Amino acid sequence: MAQQPSLISLQWFSILLVCMSLFSWTIFAASPDAPLTLDYYKSTCPAVFEIVRKEMECKVNSDPRNAALVLRLHFHDCFVQGCDGSVLLDDTISLQGEKKASANVNSLKGFEIIDRIKNKLESECPGIVSCADILTVAARDAVILVGGPYWDVPVGRKDSKTANYDLVRENIPTANEGLLSIIAKFLYQGLSVTDMVALAGAHTIGMARCENFRARIYGDFGATDSYLRNLKSICPAAISSSGKNNVTAMDNVTPNLFDNSFYHTLLRGEGLLSSDQEMYSNVFGIETKKLVRKYADDPLAFFNQFSDSMVKLGNITNSDSFVNGEVRKICRFVNT
């Protein structure tokens, strides 16, 4: 039988989280508040929200999975040098983008959706709306279009002229990462444990690649026989198999609906990603376990917290971009 942690070890863990939280607060409190407002484009591009909504409506209606693609792009953008559109940049002779980093290369799609919205906005109000703002607003609309909550999106971000390939590896949580490490990554961004559990609920519309859940389903995965057989048919045991990029829904009950079903999968021990299941099953996850149960029992509480946490995520800014940034003409390239 596995040894249970002592009360002392749990107390030290609590102290560690408090210290990390304070450290993170110090980092972000030192940065000046970004000039984000709800009416930033009121006089310069009043149709911006309507244009983004219409384009997202078209793409999500054609394929509901597009909602998850845009939402993931936004998350990966904000966790690497702030919400500055750096994730959208292609590699060039003079710039190494973030798209080919290991956490992104086979994971991120949907760039053409942002390109299309940008083209529409450049026709309506050229040189005004940043790609970073487009991605942030599009992520909100993506959630709404598959049944999720609404939240106001402050805008006024600038696009960075840089990207950070190495920071992707350091900052983006991975599928098999331990709970404490993931908590640390969220705290570093100025996000709380509550934010982490709520934002993980976005996986209710997410897809996962075989490469990211193979170890789990061939390990101690506690799923029903029929569900496990289906997963193994999608994801062969052989590591060298060409099926490593096969995908399946992280919420196998309502994969195209933004709801709280994801948390019920964790209660059943059927979280597809090890990192997700850790929130409920890890012995140190005292607070995360309570939150998983809360959001499973109360969908309104989940929606309210998810909305608040998405605002906080979108407000992770790159202070350098407000001084040296720009509004890109094409989201994939810095202006020349």
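Just so it is clear, glycine is given a Cβ too, placed from its N, Cα and C backbone atoms.
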Looking at the disulfide bonds in TrEMBL, identify which of Cys19, Cys78, Cys83, Cys125 pairs up with Cys45.
Cys125
When you check TrEMBL, which of Cys210, Cys331 turns out to share a disulphide bond with Cys235?
Cys210
The residue that TrEMBL pairs with Cys331 in a disulfide, chosen from Cys83, Cys131, is Cys131
Quick check for you: of the recorded positions Cys45, Arg72, Pro173, His203, which have their Cα within 10 Å of the Cα of Ser86 (Ca(2+) 1 binding site)?
none
From the Cα of Cys331 (disulfide bond) across to the Cα of Gly82 (Ca(2+) 1 binding site), what is the distance in angstrom?
16
Here's one to test understanding: among the recorded positions Cys78, Val80, Cys210, whose C-alpha is closest in space to the C-alpha of Cys131 (disulfide bond)?
Cys78
